[in-house]
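Asker: This structure is in structure tokens; I'll ask about it shortly.
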Amino acid sequence: MTTATSPAPAAAGADTKALEQQLYMRTFARQPITLVRGAGVRVWDDEGKEYLDFLAGIAVNVLGHCPPVLVKTVQEQVATLIHTTNLYYTTPQMDLAQLLVQHSVLDRVFYANSGAEANEAAIKLARKWGKRHKNGAYEIITTWNSFHGRTLATVAATGNRHYQEPFDPMPAGFKHVAFNDLEAMREAVTDQTVAILLEPVQGESGVHAATKDYLQGVRKLCDERNVLFMLDEVQSGMGRTGTLWAYEQYGVEPYVMTLAKGLAGGLPIGACLAKEHAAVFEPGDHGSTFAGNPLVCAAGYAVLKEILDKDLAGNAERMGQRIVAGLEELQKESDSGITEIRSAGLWVGIEFGTEKATDILNRCRENGLLVNKTSNTAIRLAPPLILTEADVDQFLDIFGRAVSA
Ligand SMILES: Cc1ncc(COP(=O)(O)O)c(C=O)c1O
């Protein structure tokens, strides 16, 4: 509604950055570029400058930008049926559910719109399971430096006070212990514990992988104490780590797994998958207007099928190795400042001994490369899974110059 004190309407062609200052509730520390177009591993800004995108919407554009298979699927679906309501059956929902179940160890799927909502569903599922199977146990244990989302429950699950503090008091029922510390986890479990929620590889903290012993130990602990073992694969799933799901590399099976990010290659979708015995939702328990609509599910099916058909998880592993080998060469140079290279498939955290991440990120961007920092000392890479050797070599060239400058 326009009133005498309302800001003037946005003029056509007005400067996007100025409008953002004026109109938007600023929660993001944005980079000073406006992106207008993308194709494959590259994006372009409003001045026509080209960038190699090694962030891919933070592990979302797994097939790259505007991949033909996704564009075609979405165009067809958008002209056929965009949205109904979950009060009716729709085919794409079950096509995607079937593919997810066939290619995982989980039995049932519930759709959401984001990673936070997928985890919110997992939290509600665990609490209901606790009422039914564990005398009302409701407490969920997660780890410090984890990231599970920004809704009130998922921010309470997230082990980082920085994200919680402005919104205290946090909802009750979450406990945090150190990551990769099995003894701490063992000590934290009580009769009130209903679930343990873990990322197999912590992404937001800068790509820190769980050890095999740890994940296997936690799964065993869950079995001993009748606790649900839940994995947040929102960022690690969809081939990112070199296998379709990260858990495959650990020899453990989750009872509940959450997905989002790359699942529909850029369309908003999330999913909470569960083994049959943990799938306790019944009609009326949970829901969402948009979740699992025909458009996003058709997109999700196209993306997952492409990852499977083209073995993009295998490509992620190979390209990840090439990146790491190049970075290790760079690390040997005395002025690189690189102190640690952490990786899981096509997902890399590069640690520097000093607070130079912002400078490096800016130099990369100025030279046509998009990366991201997870702290003042760490750079994260999460490029599309379709990367070629030539893309990797171009990355190494620009990144090497940015680091040595
Ligand atoms: C592991 C993990 N879980 C959950 C989320 C939240 O996902 P969304 O931003 O889609 O709500 C993220 C986002 O970065 C994530 O990395």
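Every residue, even glycine, has its Cβ placed from backbone N, Cα and C.
Values in this document were obtained by computation on a predicted structure and should not be read as measured data.
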Asker: What does TrEMBL list, out of Phe147, Phe281, as binding the same pyridoxal 5'-phosphate as Gly115, Ala116, Asp232, Glu233, Val234, Gln235, Thr289?
Answerer: Phe147
Asker: Within the set Gly115, Phe147, Gln235, Ser288, which binding-site residues show a CB-to-ligand 1 distance under 6 A?
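Answerer: List returned for ligand 1: Gly115, Phe147, Gln235.
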Asker: Among all chains shown, work out which of the binding-site residues Ala116, Val234 has the most CB atoms within 10 A of its CB.
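Answerer: That would be Val234, with the most Cβ atoms nearby.
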Asker: Quick one: of Arg150, Lys261, which of the recorded positions has the smallest count of other CB atoms within 10 A?
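Answerer: Sparsest of the recorded positions Arg150, Lys261 by Cβ contacts within 10 Å: Arg150.
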Asker: Suppose we draw a 10 Å sphere around the Cβ of Asp232 (pyridoxal 5'-phosphate binding site). How many other Cβ atoms does it contain, all chains included?
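Answerer: Around Asp232 (pyridoxal 5'-phosphate binding site), other Cβ atoms within 10 Å: 30.
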